[in-house]
Every structure is written in C-alpha cells, then in structure tokens.
Protein chains: 2
Amino acid sequence: MSGARFSKIYTSDLRVPAREVLLSNGERIRLYDTSGPYTDPAATTDVTRGLPARREEWILARGDVTGYDGRPVQPVDDGRPSAAARDEHAWRGAARRPLRAAGAPVTQLAYARRGEVTREMEFVAVREGVTPEFVRDEVVAGRAIIPANVNHPESEPMIIGRNFLVKINANIGNSAVTSSVEEEVEKMTWATRWGADTIMDLSTGRDIHTTREWIIRNSPVPVGTVPLYQALEKVGGVAADLSWEVYRDTLIEQCEQGVDYMTVHAGVRLAYVPLTARRKTGIVSRGGSIMAAWCLAHHRESFLYEHFADMCEIFAAYDVAFSLGDGLRPGSIADANDEAQFAELRTLGELTAIAREHAVQTMVEGPGHVPMHKIKENVDLQRDLCDDAPFYTLGPLVTDIAPGYDHITSGIGAAMIGWYGTAMLCYVTPKEHLGLPDRDDVKTGVITYKIAAHAADLAKGHHLAQAWDDALSDARFEFRWEDQFDLSLDPDTARSFHDETLPAAPAKTAHFCSMCGPKFCSMKISHDVRRYADEHGLSDSEALTAGMSEMSAQFRDQGGTVYLPLADT
Amino acid sequence: MSGARFSKIYTSDLRVPAREVLLSNGERIRLYDTSGPYTDPAATTDVTRGLPARREEWILARGDVTGYDGRPVQPVDDGRPSAAARDEHAWRGAARRPLRAAGAPVTQLAYARRGEVTREMEFVAVREGVTPEFVRDEVVAGRAIIPANVNHPESEPMIIGRNFLVKINANIGNSAVTSSVEEEVEKMTWATRWGADTIMDLSTGRDIHTTREWIIRNSPVPVGTVPLYQALEKVGGVAADLSWEVYRDTLIEQCEQGVDYMTVHAGVRLAYVPLTARRKTGIVSRGGSIMAAWCLAHHRESFLYEHFADMCEIFAAYDVAFSLGDGLRPGSIADANDEAQFAELRTLGELTAIAREHAVQTMVEGPGHVPMHKIKENVDLQRDLCDDAPFYTLGPLVTDIAPGYDHITSGIGAAMIGWYGTAMLCYVTPKEHLGLPDRDDVKTGVITYKIAAHAADLAKGHHLAQAWDDALSDARFEFRWEDQFDLSLDPDTARSFHDETLPAAPAKTAHFCSMCGPKFCSMKISHDVRRYADEHGLSDSEALTAGMSEMSAQFRDQGGTVYLPLADT
C-alpha cells in the first residue's frame, strides 16, 4: 500500500520537481524535493555518466559565455605522482569544455541588477511559492543567492536567503585516513534523497579532483568546496609554501569543474591570529588554522585578503558564489562571541561589500559552538556588518559535553539560529569530533537538520511549513496511520517504530496506539467533543456551553462511556 | 584503563553522592549523580528487597509523623478479580507501616516557613553547590520544591526550581498492550543511571499497584504518578463512573506507597471543554480527556476542581507535591497557546495559591507542542499566573513532521524552555506517538534531555555547568581522548564512535583524529600559536602583534611547517 502513495511530479514548463504525497482521504500535499532524478521512476540514471545538463540550454541561450579549452588536469590535482596512477577512478562520463563569461559578469546578481528574471529565478520562484520578481529583488538586495556555476548545468536551481525556506547543507568528502570515491558519491545521493539542499565536498586526501568530478557530474544540488584544502595538498601539506599563484590555479580548476560556491577564509588577517592565543580551544577551523599558520610563517597579511578583488573577478566569470569562511569561529562554549570571532566578522562585512561591487553572489559563514543566550547576537551582528548577506552557520552546538550526540547539541542551536534569520544550516552528524560519518550518520544528520530548518520556517511563519505540520496533525487526529508515516520526514523509521509494538496490519487502521491502548485514547474523546459540537451546529464556546446540558444527556444515552467505536472520518 | 577512571563518591555526613571523573592530567571533576546505590561497587542491591531507607531516620527524628495500619491492598488495585491472581509478581521485599502527619503538615514547605533547614534541604544544598539557607528560602517562596513523601525514605533528596540545575523526568510504565513489571523496574534503574532526576510511572494496564510498589521500593529518585489512570481502572475504564470517592481512595493508596508527586488534572473545568472542539487535535492529554469526558457525561464541574482543598489536606499529611496537570495542552503546532490552554493555566494559578495555603509543595505542568516563537510566552505567563511555582514541561515539540525523531523535535523546545526558566523537563523518546519506549529509547530520551537541561544551565550561567564544558573542551584541545570520552554524557557511545574509524589503541593518544587526519589538524596549529605566546610572555594582543615579526622567523626556523610533533602538555 505504501509504495504508490508518493509520486515525483514536475510543475511548470521548467519541470520544477516536487514530492507529492497522496493521502488516504484524497488530499494531496506537495513537498520540496532535493533528490533529483534518482527518485524519478521515469528517469534513467547512471553515476558513471552523470546527470543530464538541464541548465545548459538556459545558460547558452543568454549568449554571454564562451567555451574554451580550460586548464589541463594534472596528476598533482589528485595528489598523484603521475597520470597513470589515476586511472583506477578516472571520470569517463560527460566531459564538456568549460564555459566562462565572454565579457561582463554572468552572475545571477548581475542579471537581477539589470532587471532580468532568469530561468533559474523562475525555477526557484515555483519551488518556493513566490513570484519571480520577489526572487529577483531579493537577489538584487544581496539578501539571497542562487548558487549556479555555468559549469554545473546538472543542478536544479535553489535559493539561499532569509526570506525563503531555510536550507541545509551536508558535508561529505574523504580524508587521508578513510573512505573512497564511490562512498562519497553514494553519500551525496543519499544526503539529497533525505533533503540536503547543497553538498560540500571537503575531501582532504588523495583523488580530490577526481572525487569532486564524480560528485559534481552527479549532483542535482549545488556543490561547495574549500579550495584551500586542495591548494595545501598541492604544496605537500606545508602551509608556509602556499601562495596566491597555487591558490588561484586551484580556484580556476574548481570553477571549470563546476563548483557552485567556495569557502574562502579571507577574513583571517595577520593581526587577528594573536587574539586566539588565550582561547580555550584556539583555532578549530581547518582553513582558518592553515591561513593563521601562513601568516605566522611569513609575518605577512593573508594573501587571500590581499587578493580578494582578484578572486571576485574570477568568480564573476563563472558565477561562483563566495561563502566567506569564519576561520576564527569558536571551538568551544567558552570561546563563543569573543574578540577574535567578531574581529573576523567585521572583515567579512568589508569583503561582502567588495564582492558585491564585482557582482559576485556572497554568503557569510558563522559558528560553531555558542551557548543559547549568545546565539542571537551572532545573527544580529552579521546582518548589521554584512548588510543582510545570507548567513550560513555550522550548528551551533549549544554544549560540548555530548560527543556522539552532536547532531542534537547542534540541532538545538541550528533551529534557533534559523529562526533568528540564518539562511542555511550546515549539518553536524553524530560522528562530529569523533570520526567521519558513514551512510547512517549522514541520514541522521540530514534528518536532524531538516527538523531544525523546518522548525525555523514554522517559527518564521512560513505558510508552506505550517501546511505540512497541519496535514500531519490532521492525519494523527484522524488515526490515518499510513498518512502520518508518509508525511513524516522519515517514513521508514516512523513505520518501523510503530510496527515494533503493534506489528499487525489492522493496527495501522486502529483508532488507538500502543502508548495508551484502546481504553485510554484521548483522541477518541476529542472526537466525541467535536461530534457533539458539529451535530448541534455549535460554533463558538458560549453556544457550546449553553448546549452542554443537552449534550450531557445524549452522551450518557449513548452508553455513558467515551470509548465508543468511532466512525471512519 | 577506562573502568577505574570513574568513582562513586559521597560528601558530607549526609553522604551526598557524586560521580567523580579522574582525568589523565591529575584533575578531578565531580558530576551530579542520580544513579543511586546501583553504581556504587561497595553497595549490594537486590531489587526483590528494595533500597535502604536512607531518609527514615531523618523523618522519624522530626517526631511529627505516626505509623498506622494503612489502607488494605485490594485485588482491584491491580485490576485483578481476586488476590490469588496477583501472586506471580507480588512484592515480597520491605513492607513498612505507612507514616502520616500526626498533626500539622509535614511538608518541606511547612518546615521552611518555620525557618527550619531540614536534612533534605542540606542534602540538596550540597548537591547543587549552594547554601542550605538559599534552598530553604527558595522553598519558602514556592519557587522550588523538594518532592519527598515520608513513605519513600529510599529516595535521595533533589530540588526542582528555576534557580537550581534544570532537572529531567523519564516516563516509564506498562500499558494494556505491552511490557511487564520486570521491564519497568529495569527501565527505572537504567533511566536514573543515565541521569533521570525523577521517574513517572504512567502504567495503565494490569498490576498498576504492584508495578508501582516495585518501582518505588527500588527508586533512588522521586517517583511521580497520574492517579487518575489507576482510578479509571478501578471503575472499569468508564470515565462517567469516576467519583471523588474512588479518586480519593486511590490518592490514599498512592500516598501510603510513597509516591512523591502526583499529576492532578484539576484545571480541566467544564466550561473549558467546548474551547477544544475547534482544535486541530482536540485534547491529547489522557488525564485531560478523561476529565473532559466526565464533565460532558455529568454536565457538572470537575470533581477534582471541587475537591481540590480536600486533596491538599491529604498531600500535606504525607508531603506529596502537586504537579498540576495541563490536561488541555496543545497536541499540535496549530493548537499552541490557544484559548483552551491558557484558560486552564489561569485556573492552575488559582490552584497553586490554594495548595500553598495548605503548605503543599506545587509545580505546574506545561506543553506539549509549541513552535519556537511561541515558547517564551508560555514561561512568562506561567510565572505570572502561578506566582513563580516551578514549571514542568513536556518538550515542547517544535514541529510535528518528524515522528520517530520526537526526542529531537522536543529536545529543541526543551532546551529553549529550560533556558527561559522551566525547572524540570519531561523527556520524550524516539517512540513518542508511535509506541512504548524500550530500553534503548529510554537511554536516548534521557541523554537528549540531559543535553537540553545542561544547555539551559549553561545559558542561565550556572557555574557548575560551565566548568563541565570547560573540562571537556580542555581535554579536546589537548588531545586527551580518554578524558574526552569519560567527560561525555555517554562515554560508551563516544568511545565506540571514535573506534569505528580509528580503532587502534595508539589513536586514542594521537594528536589528531580521523576527521582531518594528521596533516590538517587545526588544533595543532593553535598549540603553536599559544606556545609562541607563552615563550614570549605575550599576554595581550598588541604585544603579540608587535612580537610577531620575531615569531615569524622562529616559526620558519623550526621547519616552516605547522605540523610539528607536539610535546605532551
């Protein structure tokens, strides 16, 4: 019965995907769908070939990009001594010549400023239930970004901004210690199946270039990276040997591959490094610590800070968005909201302004580890300093005493910071601080963050969010168990938990559950109250009270018990 | 190595328990301990005999109670047709004659009002790190309660109030559908082992009396119940047949057994029932729906409301605390903060005042299902209407779309409402809305709620809470892996997650972890920054910046890399 109750549907001529749930009472509800063609029974997918380039036609139709040969891929891109060593995993699917701007910036921000509504804007307008003009205006204001590299035409456009549904990101990526290309691609499809709006590939081991190629070619959602990780690999892991040249080479490589947004730790300035010396947990951002090490080694201002305008020119040519990294974010409750953190945030505000001068879409990253009473200050200060650029936060964890449960410690902070105005939440899995997430951890992290994002949407009064809760509440009240499962963020788990206690098929249509058993069901009593009200045409409480004497007699006439069998509703 | 790193210690002549963690750097940290004698290797426990009556001497020394024969236990107390049918599970351990007040109330509130500091108050003062006089004054003000029935001498005193550590309750109990006496006792010891501050026995099936006897005689924490559930069983499940007489009989029965606090749904008044008719999910509290049904059937005011003063007299004679039930709490996001809910809350405020006139300790229950932006209003209104009586809330869930994960949806709301001032949080397990929790669910619920309570303590600025986080952060920064595990809320899970990725024993002393691998460790870089600062006696950022040029040279002299092996610190 359950399989046929979902369908993948597409609306508008843009083929905007949605997950439609057919309820047993005949109602249908459409849910936001990030899973791409993989959940479409009519689509054929093959991860060795990649997804269809659905945006290619839109991009080319604008007539403002040109194809070119691109930077040759080199063995060092994968941390390999020679080309031969790469063969095992080499990407053999779709290989397009890279595109870049023929002249002026090709960013969604540049188009929006010219008053244009792009196909990408139309697409997200349908997804979000708003007008295309509203989308455009939010992009013009810098309050929202649509990460959409011209070299990632496989992606389904989405928008990140405080006036849209709160989004979540799932980090994947191998490390020097563990995991393979295949595992990472599977984690990507798995994470988007459960609701990840973007993916960040944070690989740090070998095969960085190749792993990323597999992920981007198969990803229906925007892909983010931290280019510094690969740049460091190219110089053998010695931070002092980093340079603008090797970093720039890495940016071009990743722009050509189709990375949609990149974390750039340009706010870690030389003068801020000493501010971390007395912290309880120093610098916990990998990118931040690498740049701090470079600044210390050279006693020079960060090359990322000094070359920020150069980066803007590159990003504008591909429509890569900045995710301005918070390299000095706190790594413990004790270090939250300190001088180092907020000094960097002020610099991120300056950089946001520079990026916007270059028409580059920009969001700003935030903490980390923050106790509940210090969360709101982060959002308020970021809005103020960064002129409402979308905020993108990691958690924050609201306590450090629960390793193994940091999806929960951070889910609490994520829900709150989302309510306060954060546009995208970077997930944390149960393995945070302990190890790399496996497939189950990825799912747990994604579901936890969907809860946080949705709770934030509800608290912000989003009508689509409330409708979803209402549909599930109705199903619960009316004992439509299958509907309740199907409307859940994780129908499989909801169904299996129910079946553990009441496995028999009739229990799924029963008008009670195992918590109270048939005799104690408060929902049944509520139905009696409502039925009396309906039968007597009583619509307000005064009238109801007035009619209660009569109702009381009827109630007793029907057996004097509240445990009447309920008619199906 | 791990086993010997914890010890159960007792402080003061009152033998106040604590869990002491011995860290590898020689430091010790003491954590609040709810687990009772079960975790004391020097203690012998036997659940068939019950725990030692540690408070008996204190109670008798006050000279204000008398023993009496008590109400005879009857087969109907267990829902059995005859005494013979009970034999299988019958309690054969300690059986004391019940105690009750010889004259004046024997409540902690009555003593506090007379200026007395009881042994119970001294005990909780040690546990909480405050003075006994502060405890007494909070009890006098009604801002805190110490649930301590004179017939539950096995309990270790604890306090519930906004100016103390936030507490958590774990619900256990069988139902008509599932689970046994043995399982429930095991859930109790398991829940308190992980940190439950109180237990509620919500059994609704057979053997209610006997199950409760086993639980109370073995419980080191206060035990709460909802007497209405048992009263309803006594009248064959027919709500209309309930009466003050059968309810009163049940109260006496449970007072004599040693229940420390009882949920009483006396705020569900006749006039409020119609307010629920247009709700999305009606009445979801079992107790609330039973009373609504009774009011409907008789068209009379609730007998609980009318006999509230009579109950006060009974509770005052045993020191049973009220937990004024929120029978009209919302059961969905849509119904939060509505007229029905707040009408009842106003009545609970009136009842609080009456209970205090009788020197009965009182707390007030709260929702339920509330979106984030409506949580604070609940706390503010409750404080105002109930004159700062401790608030005791169930979650609240901040969204309804994630059955199977309602420990998380509610943990978010619980952390927030705890920060806003709720004194005790009633846990929710992953099985909420789907089935009865098993042992694993109980643990997950308790750990999630310990996270919420602790996050609230941190946000309220509790010094003991911050010290715990700091100790774990220090351990993390210094790569003391075993200390990090041992300081966790759940050391077993933290250790096993770490070992999944890096199982070798040396990895537990490694100065990196599997997330980044040895080359990308930001913590190591932070140590370099700190070491330079220490070596140069640089204690403020200006001096540090001034000294950076010299530092830079030294940094490069040492190899120009940040990946130096770190000396153990």
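Glycine is treated like the rest: Cβ placed from N, Cα and C.
A:Glu365 is the only one of A:Glu306, A:Glu350, A:Glu357, A:Glu365 that TrEMBL places in the substrate site (with A:Asn171, A:Met200, A:Tyr229, A:His265, A:Ser285, A:Arg286, A:Gly287, A:Asp326, A:Gly327, A:Leu328, A:Arg329, A:Tyr392). It is A:Gly327 that, of the binding-site residues A:Gly287, A:Gly327, has its Cβ surrounded by the most other Cβ atoms within 10 Å. Under the three-state DSSP scheme, A:Tyr229 (substrate binding site) falls in the helix class. Per-residue pLDDT, averaged over the domain 'ThiC-associated' (A:11-65), rounds to 96. Residues near A:Ser285 (substrate binding site) in space but far in sequence (CB under 8 A, at least 6 apart, same chain), listed by position: A:His265, A:Gly325, A:Asp326, A:Gly327, A:Leu328, A:Arg329. Sequence-distant contacts of A:Tyr392 (substrate binding site), defined as residues of its own chain at least six apart whose C-beta falls under 8 angstroms from its C-beta, comprise A:Ile160, A:Asn169, A:Ser323, A:Met363, A:Val364, A:Glu365, A:Gly366, A:Thr422, A:Ala423, A:Met424, A:Leu425, A:Cys426. The Cβ of A:Tyr229 (substrate binding site) has A:Leu202, A:Ser203, A:Thr204, A:Ile208, A:Arg286, A:Gly287 as same-chain neighbours under 8 Å, each 6 or more residues away in sequence. Contact annotation for chain B: of the listed binding-site residues (A:Asn171, A:Ser285, A:Gly327, A:Arg329, A:Tyr392), A:Ser285 place their CB atoms under 8 A from a CB atom of that chain. In sequence order, A:Ile199, A:Met200, A:Leu202, A:Cys426, A:Tyr427 constitute the residues six or more apart from A:Asn171 (substrate binding site) in its chain with CB-CB distances below 8 Å.
A:Arg329 (substrate binding site) counts 27 other C-beta atoms within 10 Å of its own C-beta, drawing on all protein chains shown.
Binding of substrate is attributed in the record to A:Asn171, A:Met200, A:Tyr229, A:His265, A:Ser285, A:Arg286, A:Gly287, A:Asp326, A:Gly327, A:Leu328, A:Arg329, A:Glu365, A:Tyr392, and the widest Cα separation among these residues amounts to 20 Å.
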